[in-house]
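K.L.:
Can you keep this structure in mind? I'll have questions shortly.
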Amino acid sequence: MTLNGWMQIALYGAVVLALVRPLGGYMTRVFDGERTLLSPALAPIERGLYRVSGIDARQEQTWLAYAGAMVLFNVAGFVLLYALLRLQALLPLNPADQAAVAPDLAFNTATSFVTNTNWQSYGGETTLTYLSQMLGLTHQNFVSAASGMAVAVALIRGFARASTKTLGSCWVDMTRATLYVLLPLCTVLALFYVSQGMPQTLSPYVEATTLEGAKQTIAVGPVASQVAIKMLGTNGGGFFNANAAHPFENPTALSNFLQMLSIFVIGAALTNVFGRMVGDERQGWAILTAMGLLFLAGVTVTYWAEANAQGVLSNLGLTGGNMEGKEVRFGIAASALFAVITTAASCGAVNAMHDSFTALGGLIPLLNMQLGEVIIGGVGAGLYGMLVFVVVAIFVAGLMVGRTPEYLGKKIEAREVKMAMLGILCLPLMMLGFTAFATVVPDGLAGPANAGPHGFSEILYAYTSAAANNGSAFGGLTANTLFYNTTLAIGMLVGRFFVKIPVLAIAGSLAAKKRLPASAGTFPTHGGLFVGLLVGVVLIIGGLTFFPALALGPVVEHFAGAAGQTFATGG
């Protein structure tokens, strides 16, 4: 570990914190329907979209109607994307003459991008046309991110409102998230990425002759526009197979820093939106502090593990840390920081190969996802995921002191706790259930490239990533098979919608309740005690659930490596 590495980490944290209040204030005005700096240009477009779509922006929805609209929109998006992938060979903007995507891969890919997971069992430059990348994937990157933001805002309204049945309009919230937040920021980001050397073209792939006289095909395309929303919307799916490790997808150290910043900025700012909308910014800062503590712990362990490379590498006398699978232009610090950011925020983009990390270095990205992607998390999804843990933490605190649990003046009763636990427990069911299944059937065992505990970790990481809607992978797993394409897609769907719908049910229940005045016995939820309780609940409920599985994978791999034991390649 070096001073330069810690300075990079400190600078990143400082810039994120500096952007929380300005962006949080702006998004609060957007979702409250107030005038913003961009309103003169965008308000007419917004009204035009409502008029064309037949939407009454003043008509609000109950939680059930809100959930129904969201599910309907996502089903329509899935059907259109699946059709586009299956028919891409017949459609224009196919300069590389790509064939139609196979049915099981198209099902997996459509599910992946609709659920904001962006798991990729394919290489983008060898599988998809420009039209599929732009109209299919980039479009879903925008609307899946907007969908997560809309659900988060609906839950915030549940806490902020009283004695009402409505949570706002799903259509209006998604439109405003896309039009006022995502599109303007992505326009600026895409232009910046082009200035750094990122391609943005519809020209065919370039044929080049190497110094040895061999022919080489250099893939290009509309990269910058997709990368902008891939990071900002915490989607993560790469235009190229190497993702952000590819020089065309992440050309410079500056583009790398901005991509990391893009991943966290909206999720962090949404905590400020929460504080503003409930009338007490301290509530948002408390939640952000809990997220920050978990993030800092993860960065510290990962950076230490990769910089020291304990185990087999140190036994071989290597002293420069673990550089396998990392870009020399980024180094260990930026690679470790990126890995923790992308798995804390359910993004899944990578600038280094997580499969090549040390056992402990790979454990932290895995644990980040298993905690429920609540350390900043995906845009919207991170906040509503953490608020689900807040409900459980408040319930636990109430049990300990013998009082009816309250949060922001709302009683936390059996219905809210049941919905919260449904949202929490569906993730380990998918992650651990499918992992166990894959380790006892031939189709599952054929996937990992490594034997022993690391092979198990490759399977566990895949299903964890899918259910957590992250999308990153231990690349040694051969996932483009009927078995993995199908089971991973099921995990993505359950991980997305079996969390979203209970969250909206909680929002509807809370919005209908009266607000109780604070009393001397009210548990303060903006101080250090609450932050500690929240972190403890996240670690106990999220972490301990997965400890046996982690012990079979990265933990035993670490101790085996320290003893000099290696395992043969092959499943």
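Each residue's number is its place along the chain shown, starting with 1.
Just so you know, glycine gets a Cβ as well, placed from its N, Cα and C.
According to Swiss-Prot:
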TRANSMEM  5-25  transmembrane segment
TRANSMEM  64-84  transmembrane segment
TRANSMEM  136-156  transmembrane segment
TRANSMEM  179-199  transmembrane segment
TRANSMEM  220-240  transmembrane segment
TRANSMEM  254-274  transmembrane segment
TRANSMEM  285-305  transmembrane segment
TRANSMEM  330-350  transmembrane segment
TRANSMEM  375-395  transmembrane segment
TRANSMEM  421-441  transmembrane segment
TRANSMEM  488-508  transmembrane segment
TRANSMEM  527-547  transmembrane segment
K.L.:
When each of 5-25, 136-156, 179-199, 285-305, 330-350 is checked against the transmembrane segment (64-84) for Cβ pairs under 8 Å, which one has the most?
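P.N.:
The stretch with the most close Cβ contacts to the transmembrane segment (64-84) is 136-156.
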K.L.:
Out of 179-199, 254-274, 375-395, what stretch is closest in contact terms to the transmembrane segment (527-547), meaning most Cβ pairs under 8 angstroms?
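P.N.:
The listed stretch sharing the most Cβ pairs with the transmembrane segment (527-547) is 375-395.
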K.L.:
Do any residues of this chain, six or more beyond the ends of the transmembrane segment (421-441), have a C-beta under 8 angstroms from a C-beta of it, and if so which?
P.N.:
370, 372, 385, 388-389, 392, 447, 456, 459-460, 463-464, 466-468, 483-484, 487-488, 490-491, 494-495, 498-499, 502-503, 541-542, 545-546, 549
K.L.:
Does the transmembrane segment (254-274) come close to the transmembrane segment (330-350), meaning at least 3 CB pairs under 8 Å for residues 6 or more apart?
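P.N.:
Judged by the Cβ rule, the two regions touch, with the required three close pairs present.
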K.L.:
State the residues, same chain only, that lie 6 or more residues beyond the ends of the transmembrane segment (254-274) and have a CB under 8 A from a CB inside it; answer 'none' if no residue qualifies.
P.N.:
12, 15-17, 19-21, 23-25, 27-28, 31, 149, 152-153, 156, 159, 181, 185, 189, 192-193, 196, 198, 227-228, 231-234, 244, 281, 283-285, 287-288, 291, 330, 334, 337-338, 341-342, 345, 347, 349, 351, 376-380, 382-383, 387
K.L.:
Would you mind listing the long-range same-chain contacts of the transmembrane segment (285-305), meaning Cβ under 8 Å and 6+ residues beyond its ends?
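P.N.:
Sequence-distant neighbours of the transmembrane segment (285-305): 1, 5, 9, 13, 20, 268, 271-272, 274-275, 322, 332-333, 336-337, 339-340, 344, 357-361, 363-365, 367-368, 371, 374-377, 382-383, 386-387, 390, 525-527, 530-531, 534-535, 538-539.
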